[in-house]
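**Student:** Among the features that TrEMBL reports, domain 'DUF112' is placed at 20-438. Feature annotation from TrEMBL assigns transmembrane segment to 20-39, 109-135, 147-163, 170-188, 194-217, 252-270, 354-377, 389-407, 464-483.
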Amino acid sequence: MDILSILSGMWKLLLDPVTIAYIFVGAQAGIIFGMMPGLTTTTALSLLTGLTFSLAPDKAIAVILGAYVGSVTGGSRSAILVNIPGTPAQAAVCLDGYPLAKQGKAAQAIGMSVTASTIGTLLGFICLALFTPLIGTAALSFGTYEFFWLAVFGVIIAGSLCAPKDPIKGWISGFLGLVLMTVGDDNIHAVDRFTFHLSALSGGFALIPVLIGAYGIPEVLDSLRKKQHIQIQTEVGRVVPRLFEVLQHKWVILRSALIGIVIGIIPGVGSDTASWLSYFTAKKSSKTPELFGHGSVEGFVAAEAGDNACIGGDIIPTLTLAIPGSAPAAVLLAAMTIHNLRPGPLLVAEQPEVVGQIIAISMVSTLAVFILSLAWTRQMVKILLIPRYVLMPTVFIICVTGAYALSGRLFDIYVLFAFGLLGVVMNELDYPVAPLVLGFILGPMAEDNLRRGLMITGGDPSPFFTRPVSMVLCVTLIVSVVWSTRAGQRIKDGVMRRIRGLRTTGTR
């Protein structure tokens, strides 16, 4: 890893005012998307990816990363002011942010929320800068067999964590994504598969229509079904927090940021898990847990720091292993692929200046979101007054435009609607969509490495199980699958009962 090349890429971007302007545009768009209930970070990034494919790679990534940070931070506005989380990750913020707003402390809540978000995001990106070169260099020793298991591991873990009550549903969703990925040309022998003699299917399903359809269409329809009765406090006071207010919660912010970074690195978990885990950890260690749920600054500060720090953690495996840590990171992976940037060990080794640019974009995005969030809060709050029957049709038009603009094919719009219908059905049946998308993205990595490994050994699968790293990944995968099932739950319950019994015995 050439550290000088990374620093050169960072310095080059910081001296480019056009790219920095694109970062601010993306950040502003992300904040607005994040504020609007029903529009998730994944939807925002999917739409922007379809609209920015004509830009240069660094400009497009600048918009998308800016929107990524902005949408995660922006969701706290509606959570605090109207008790409706802009994104799922802000649900924990509602518990304490809204009670504070009802007490006339909306400005304090927004100011502390933005500050905690900024610190958490910055710490996450510092870890991104520190660990990406190290993990990328270590991943260069991985071969065909290891990458196969990494891809399978990502899909299985995503299924387990996205459907913890019934992980089989998550695994079925991931398997469906793997199956849908096989439509089109075979990557190795260029043979058509499942095309039914339709030329439009020879290239398979394009990723952007799949993403926008699976995430965007169900959210638009679900939002239109909900009645909107919002009373909002549009007048807020001084939002810039005082230094002593921030220092009062410094340890909560640092601990929550660490939780968010670790959660982000695990594929498929996402910032909503980081937010809730940070919130409950803060409540458990708080000196005033009785205030949680009634306007505790400590509570929503923990949630905000955790879910924003998760961004940097999400991007680490995305850049170094080409395994997205979350659904928004999967969109980032798709955007980089569209612009001929191939995340993974080779990107880190052969294009370190690109890694440097991404790190610099991340840092500038954090600053941009902080500035815009505090400078335009009073004006942006009024966007929440837009009726859903006006907003959602506009989002629907953007969805269709983004899917069509990618290649100008009417077939992509059909794909958009097909995956939109699939997403609606899966939501109704309580099947998670994220494993499906992750399976669709990681499918080529799993299939190509499986077939390539078998070709190298003449059909002998033993290296997939006997090489040291492959063996560790395989065993870890088996343990995680067993641990997620009912049998694993019984084992966990037995272990916990045994631990409680030992504690009871020890206190006598």
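In case you wondered, yes, glycine gets a Cβ from its N, Cα and C as well.
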**Student:** What stretch of 109-135, 147-163, 354-377, 389-407 shows the most Cβ pairs under 8 Å to the transmembrane segment (194-217)?
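**Tutor:** Ranking 109-135, 147-163, 354-377, 389-407 by Cβ pairs under 8 Å to the transmembrane segment (194-217) puts 389-407 first.
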**Student:** Hey, which bits of the same chain come close to the transmembrane segment (109-135), Cβ under 8 Å, at least six residues off its ends?
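**Tutor:** Result: 1, 3, 6, 69, 72-73, 76-77, 80, 93, 97, 100-101, 236, 238-241, 245-246, 249, 253-254, 256-258, 260-261, 264, 297, 300-302, 304-313, 315-317, 319-321, 348, 352, 355, 359, 362-363, 366, 369-370, 373-374, 377.
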**Student:** Excluding the flanking five residues on each side, which residues at least 6 beyond the ends of the transmembrane segment (464-483) place their CB within less than 8 Å of a CB in that stretch?
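**Tutor:** Non-local partners: 141-143, 145-146, 148-150, 152-153, 156-157, 160, 453, 491-492.
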**Student:** Using Cβ atoms and a strict cutoff of less than 8 Å, what residues sit near the transmembrane segment (389-407) while being 6 or more residues removed from its termini?
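**Tutor:** Long-range Cβ neighbours of the transmembrane segment (389-407): 36, 38-39, 43, 46-51, 53, 206, 208-209, 212-213, 216-217, 220, 223-224, 338, 413, 415-416.
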